[in-house]
Amino acid sequence: MSTTNSPLRVAVLGSRGKVGREICRAVEAASDMELVASVDAGDAIEALLEANAQAVVDFTHPDVVMDNLDFCVRHGIHAVVGTTGFDDERLATLRGWLEASPATGVLIAPNFSIGAVLMMRFAAQAAPFFDSVEIVELHHPTKADAPSGTARRTAELVAEARRTAGSAPMPDATSTALDGARGADVDGVPVHSVRVRGLVAHQEVILGELGETLTIRHDSLDRAGFGPGVLAGLRAIDDHPGLTVGLEHFLDLP
Ligand SMILES: NC(=O)C1=CN([C@@H]2O[C@H](COP(=O)(O)OP(=O)(O)OC[C@H]3O[C@@H](n4cnc5c(N)ncnc54)[C@H](OP(=O)(O)O)[C@@H]3O)[C@@H](O)[C@H]2O)C=CC1
Ligand SMILES: O=C(O)C1=N[C@H](C(=O)O)C[C@H](O)C1
């Protein structure tokens, strides 16, 4: 889509937010891209058309992201989306919109950090080898959703790997518990959410077997760490029309 003569024309939605600010910096620093529009709450999304944007990056809020994507897909603008809140119903809606705009690509990635993508993959690989798997995600207290999109996706991948392997149900003799004490049940995997000031985004996957545990931990220490994954998504999106869920599909992983 872009050549050395014509940098990819990128717009950022949520440009004044904690992640959006970093993405604007990353796009501005990329020699093969041009930041043509920065849109935040209260700004008119039509700025994307005036700027002739070819692709948008969305780090906004689960309550507004579907409206943003409706606009982008209707106007044939590719979208690289970090905003959380995508359940099966939303993904089905998006697929329907994309059928009417077959050249447009939308990438939804629960986490754009390369380390987090690997954490999810390693957790799924390890899950069938252990009796127990639980997830603890830890974030800043301004986060809108719980559990995190990354934790939900990890739980789904773990559950899928265990189903494929024919794993037995996880042992748990709890017969009485305060509400929430065992976390949220995501596809049979307990997920525990911690919100503490000072944290950025962290996750542990704790796997246990008789006599041993394995803990896979990822820490996002600075939101600049989401930039390279977003740029990789932008560079590949024109070659991936339709809906893609997960940055791993755009990476050359073994
Ligand atoms: N996939 C990934 O790798 C990552 C995903 N995320 C997700 O990204 C999202 C944003 O996170 P974060 O940056 O921390 O949140 P912030 O609240 O810091 O930023 C969101 C920004 O979007 C703005 N906004 C709200 N509505 C609109 C709209 N209709 N159009 C344009 N901008 C709008 C907000 O404005 P205002 O504050 O005035 O409402 C705010 O400036 C969350 O869903 C989060 O979970 C976060 C990190 C990594
Ligand atoms: O809101 C955040 O901060 C983050 N959101 C994403 C999620 O919900 O998984 C990604 C990362 O955890 C940071």
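Cβ coordinates are placed from backbone N, Cα and C, and glycine is handled just like the others.
Averaged across the domain 'Dihydrodipicolinate reductase N-terminal' (9-112), the predicted model reaches a pLDDT of 98. What TrEMBL lists as domain 'Dihydrodipicolinate reductase N-terminal' is 9-112.
Annotation source TrEMBL lists NAD(+) binding site at Gly14, Ser15, Arg16, Gly17, Lys18, Val19, Asp40, Gly82, Thr83, Thr84, Ala109, Pro110, Asn111, Phe112. Counting only residues at least six positions away in the same chain, the Cβ atoms of Gly14, Asp58, Phe59, Thr60, His61, Pro62, Val65 sit under 8 Å from the Cβ of Thr83 (NAD(+) binding site).
As annotated by TrEMBL, domain 'Dihydrodipicolinate reductase C-terminal' applies to 115-251.
Residues or ranges marked as active site, proton donor/acceptor in TrEMBL: His139. A strand conformation is recorded for His139 (active site, proton donor/acceptor) in the three-state DSSP classification.
According to TrEMBL, the (S)-2,3,4,5-tetrahydrodipicolinate binding site annotation covers His140, Gly149, Thr150. Taking Cβ-Cβ distances under 8 Å and a sequence separation of 6 or more, the neighbours of Thr150 ((S)-2,3,4,5-tetrahydrodipicolinate binding site) in its chain are Pro110, Asn111, Ala116, Met120, Glu137, Ala201, Gln203.
The annotation active site, proton donor is assigned in TrEMBL to Lys143.
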Neighbour tally for Gly14 (NAD(+) binding site), based on other Cβ positions within 10 Å of its Cβ: 26
Other CB atoms within 10 A, centred on His140 ((S)-2,3,4,5-tetrahydrodipicolinate binding site): 14
Those recorded positions listed as Arg16, Lys18, His139, Lys143, and which of them has the most Cβ atoms within 10 Å of its own Cβ: His139
Closest of His139, His140, Lys143, Gly149 to Ala109 (NAD(+) binding site), Cα positions, recorded positions only: Gly149
Integer Å distance between the CA atoms belonging to Gly149 ((S)-2,3,4,5-tetrahydrodipicolinate binding site) and His139 (active site, proton donor/acceptor): 12
